[in-house]
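The feature compositional bias 'Polar residues' is assigned by TrEMBL to 18-46. Per TrEMBL, region 'Disordered' is recorded for 1-54. Under the heading transmembrane segment, TrEMBL lists 131-152, 164-183, 189-213, 234-256, 268-286, 329-351, 363-384, 396-413, 419-437, 458-478, 484-502.
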């Protein structure tokens, strides 16, 4: 629900007080939504500790949260992250409306009519089952992101156009969001196409802004950077929650809470107004940057575009040869686990709308409950990581999330009251709150010294590489008449594959640490991330 576990992820890159990082290699998972929200929850406690030092007035606390001590890009990053968080939640509402409109166009019952229907609808629209529409949007966005991410990295790293690219893509993204205010019976298919490009633009926005994080770390040092990233994610989560609450109140006051299309229009109107302000202020503050690296001489334009892809291939070969006990298996597991978790937001909207009967307002409430569940989940991650090593803890988190997804897929379609699905949402939030901090802790323990920036960027690329596959499988199954619950179950099985990779492929925890060269840092590394969740 927000982008990403960026705070935890890039905090891990800053092992030394002024360790230089390569911003171009720092990229982000396009599965933007739930992951960053859990990071926000994990960081909330750290922010509370920070702002409650001496007794001060609430006003001074709020002012302190916006003081970044002469680092303008830190304030700019916070504003941009808050804008992206709002956009994520609004687009969840749009997906729910698109699904309902597609179902109506196919002649399928929706809402209460769907609950009363005894048979599954076999209608199609534009040659596809309406249930596969939203998952196909995720497929297109995932493929675009996985393919173009290395090229975007080259532009950010080897040219001075980082800020220009960020501003340009933010404008395009905002225009798409504004266009989607016109969502309706005659425009829904065009809006669905725009939704795919919106997801791709979102990935570029994240990648562009994340390039500033290592530079912030260099300027302020590791400890202060940790406090800043806690502030970023806390603000992002807070605004996400406030946006959902505001949307629910206004839609109820205007009597449109049961109308997904009108709620989506309202959501996008609020979204456009908010992100225009936040993106405008954020990029006005963000400074320009010169190229951080030089390309080899004699490269043609085509070779320049392919240079980033070749860099990723070389990194993959190096990891395969030199880190056979831990890092190789961690990144392999990340490809499968993140693709499943990233698809969860998209596919859950489809399942909750079609099988459970939730409308757009109900879905906003559902995701607010998910966010709430990550608070005890982050605490659970801290407790378990003190008793077992991060590899084991992450495996348990993935197995737990797989179990929760399967139980939800097999039972939610038959519950007597649709609002019982909120219990499942809370359970999903708890496990996600355990999943992401543990994943980041695992990575921080095995990150090879001297390669922090390169490996961190490659980790994010691995997270995006298979993001299109689970929604594609879901779409194919739905198109062949397979019940949506089995598509959701199969999607969750990617987590099972990831857990089995680590269980039977990786070495012992001692072997993993010795291989990474961080055995002596074990005590410091494990205590610091765990403390952030307490």
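In case you wondered, yes, glycine gets a Cβ from its N, Cα and C as well.
Only sequence-distant pairs (6 or more apart) were considered; of these, fewer than three Cβ pairs between the transmembrane segment (484-502) and the transmembrane segment (164-183) are under 8 A, so the stretches are not in contact.
Using the rule of three or more Cβ pairs under 8 Å, pairs at least 6 apart in sequence, the transmembrane segment (268-286) is in contact with the transmembrane segment (164-183). Relative to the transmembrane segment (329-351), the listed stretch 458-478 leads the set 164-183, 363-384, 458-478 in CB pairs under 8 A.
Remote same-chain partners of the transmembrane segment (164-183), defined as residues 6 or more beyond its termini with a Cβ less than 8 Å from a stretch Cβ, comprise 80, 87, 90, 94, 97-98, 101, 152, 155-156, 191, 194-195, 197-198, 201-202, 204-205, 208-209, 261, 264-265, 268-269, 271-272, 275-276, 279, 283, 286, 288. The recorded stretches the transmembrane segment (131-152) and the transmembrane segment (363-384) do not share 3+ CB pairs below 8 A when only pairs 6 or more apart in sequence are counted, and are therefore not in contact. The transmembrane segment (419-437) shares more Cβ pairs under 8 Å with 363-384 than with any other stretch in the list 189-213, 363-384, 458-478.
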